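Trainee: Here it is, the structure, as structure tokens.
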Amino acid sequence: MSQWGIQPDVITYNSLMDGYCLRKEMDKAREVFDLTVTCTALLSGFSQAGRHGAAEQLFKDMTAKGPTPNLVTYATMLDGLCKQGHVNEALTLFQTMKKHSLKPTIVIYTVLIRGMCNSGKIKHARELFNSLSLKGLQPDAQTCSIMINGFCKEGFVHEAYKLFKKLEKDGYSLSSCCYNVMIRGLPREKDMSRAVQLINEMVDRGFSADATTTELVVHLSSSDDNLLLKKLLGSAENDRDVGGEMI
């Protein structure tokens with residue numbers, strides 16, 4: 001195909017793998033699959049090493065010569081762009097991905113929402129987050145904690161709390177991370193009563209405070225909050241005793 005100036009696309013590679021599988025030539029099918037996995041792993045390695053130029057060149061080569069990038073490849077590239085603060089470039093790449101008939105997953109939307117929050121584009125992040133249900137997707141614990149943290153970081157603590165309670169009401173299983181993020185936000189707005197409520201709720205559910213949350217509450221609490229602090233510190237100590245990993 002390449003000799004005739006025709007570049008293979010994702011359908012070509014999938015068809016090739018299907019053909020090998022039908023003929024029970026699994027080693028050859030695995031070679032086609034492994035090529036995409038290897039290129040995606042290299043892409044991730046370049047990004048983690050800060051070699052973003054090399055990552056971008058590899059992605060361009062994959063697009064031009066194959067193997068065609070899959071959803072994991074795009075997620076890796078989008079994450080790298082967002083971590084550099086190149087959110088607009090990430091959004092352009094996101095549109096390109098959709099044009100190639102690849103349906104975005106919650107992982108990809110989470111990457112974009114995190115990038116928007118970290119770049120101060122909280123309104124865009126909120127719009128994207130609110131649109132997830134219309135796309136038939138449900139935000140996971142990581143997506144929710146990123147959005148709550150984004151609100152808190154930009155000073156929209158009340159909106160973060162509203163989202164937290166809405167998710168709770170809608171039956172979401174809020175994670176320890178969500179609780180810690182929200183508890184850290186409320187004292188900054190001098191809303192210790194709600195922070196106390198969430199700390200009690202968090203500990204009663206078997207979650208523990210991370211080191212940052214504990215330090216903040218210790219710093220902001222008055223002497224009247226000794227019982228609360230003991231409960232909070234006790235949860236962290238229990239977590240260490242059972243070998244739990246601090247967030």
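Backbone N, Cα and C define each Cβ position, glycine as well.
Automated prediction, rather than curation, is the source of TrEMBL annotations.
The following feature annotations were taken from TrEMBL:
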type: REPEAT; residues: 35-69; note: repeat 'PPR'
type: REPEAT; residues: 70-104; note: repeat 'PPR'
type: REPEAT; residues: 105-139; note: repeat 'PPR'
type: REPEAT; residues: 140-174; note: repeat 'PPR'
type: REPEAT; residues: 175-209; note: repeat 'PPR'
Trainee: Tally of helix, strand and coil residues over the repeat 'PPR' (175-209) according to DSSP?
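Mentor: So the repeat 'PPR' (175-209) is made up of 26 helix, 0 strand, 9 coil.
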Trainee: In the repeat 'PPR' (105-139), how many residues does DSSP put in helix, strand and coil?
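Mentor: DSSP classes over the repeat 'PPR' (105-139) add up to 26 helix, 0 strand, 9 coil.
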Trainee: Could you give the number of helix, strand and coil residues in the repeat 'PPR' (35-69) as assigned by DSSP?
Mentor: 28 helix, 0 strand, 7 coil
Trainee: Mean pLDDT for the repeat 'PPR' (175-209), rounded to an integer?
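Mentor: Overall, the repeat 'PPR' (175-209) comes to a mean pLDDT of 87.
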